[in-house]
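Below you'll find the structure, written out as structure tokens, and then a few comments.
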Amino acid sequence: MDEKHRIVRLIGKGGFGTVYLCEDKLTDESFAVKVIPKCKISTRVKQDRLATEREILATINNPFLNKSVRFEEDDEEVRFILEYIDGFPLHKCIWGYNDGTGFPESVARYFAAQIVLAVEALHSQGYMHRDVKSGNVLVSRATGNVTLIDFGMAKRIKDRTSSLCGTDYIMAPEIFSGYSYGFAADWWSVGVVIFEMICGIPPWPYQYSGDRFRKIRQVSIGIEGGSHNLKTWQNLSIDAKNLLSQLLKTDPSHRLGFAGANQIKAHPWFKEIDWNCLEQGETRASDIETLFSIDRDYRDRSPPVPIWRQASEWEEQCVSSAESIDAEMNEKYFSDF
């Protein structure tokens with residue numbers, strides 16, 4: 001760590017680097033500092049990833065994307081000095097809300113709209129995020145808004161790419177099937193996050209085996225047809241079920257968002273959202289304080305263990321906090337793939 005900052009606590013640790021909450025020694029201002037040892041970015045692929053993350057943080061201005069204050073490096077490490085968001089990851093807010101069975105659709109809709117705008121901003125500049133999950137979305141204690149973070153898997157593409165990376169439970173079928181893929185893969189991941197917000201858990205159980213991808217495909221086909229085993233699914237509105245069935249289509253060319261974010265924004269489930277005002281920060285969707293407040297609504301609890309038809313299908317480890325995987329860095333995850 002550099003001499004300008006005082007470490008307050010560890011925020012998180014990933015495959016590439018470590019994120020700390022730090023204070024400026026002169027001003028006491030708080031920042032999130034992502035520290036990446038240079039020994040972790042020795043290959044060309046990793047250096048390209050770092051350059052992409054730096055480009056996104058420095059150039060794309062969107063209220064729902066994490067922002068960079070500055071970039072520093074020395075002989076041993078590189079450091080992203082980022083805005084600090086006092087709050088919780090979205091998946092913890094889902095676990096801690098009410099009885100853990102998901103947000104009301106009004107709350108999920110408001111958060112989903114912001115995530116859609118964040119992903120749209122990336123796509124408009126030619127970037128795919130490739131790891132949109134509830135663990136990479138922060139809910140601010142102060143504003144009740146969400147911020148999409150962690151661009152370590154992001155990639156700039158012209159039309160399609162074929163690298164195998166992301167987090168397997170939000171990975172679109174075209175990625176884990178080994179095909180080339182485009183921006184529509186991010187919209188699949190957004191669909192998984194929306195499902196998790198309104199049902200309390202992701203759509204499929206978690207399995208560290210090659211069979212997990214068969215299970216994902218099997219469940220997604222059911223969702224396309226409007227059905228799911230989960231009890232909370234039965235309570236969803238018709239529009240919510242339709243949105244999820246359109247976002248979680250296994251064929252990306254038929255997936256909502258394939259032709260761009262405007263397809264998603266025009267869906268009836270979002271009819272209450274004023275997209276222009278939301279992007280300008282001029283509306284809180286009937287005042288977010290009445291929808292979700294961390295101080296009022298959050299309760300610290302363990303991940304919920306859902307009731308599936310066969311309880312053995314669910315591991316108690318929560319998928320939403322699962323580690324991002326990368327074919328270059330984590331070959332063990334794909335040994336049976």
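The count begins at 1 with the first shown residue.
Glycine residues also receive a Cβ, built from the backbone N, Cα and C atoms like all the rest.
Just so you know, TrEMBL annotations are computer predictions that nobody has curated.
Per TrEMBL, the feature ATP binding site maps to Lys34. In the three-state DSSP scheme, Lys34 (ATP binding site) is classed as strand.
The domain 'Protein kinase' annotation in TrEMBL covers 5-270.
Packing around Lys34 (ATP binding site) is summarised by its Cβ count: 26 other Cβ atoms lie within 10 angstroms of its Cβ, all protein chains included.
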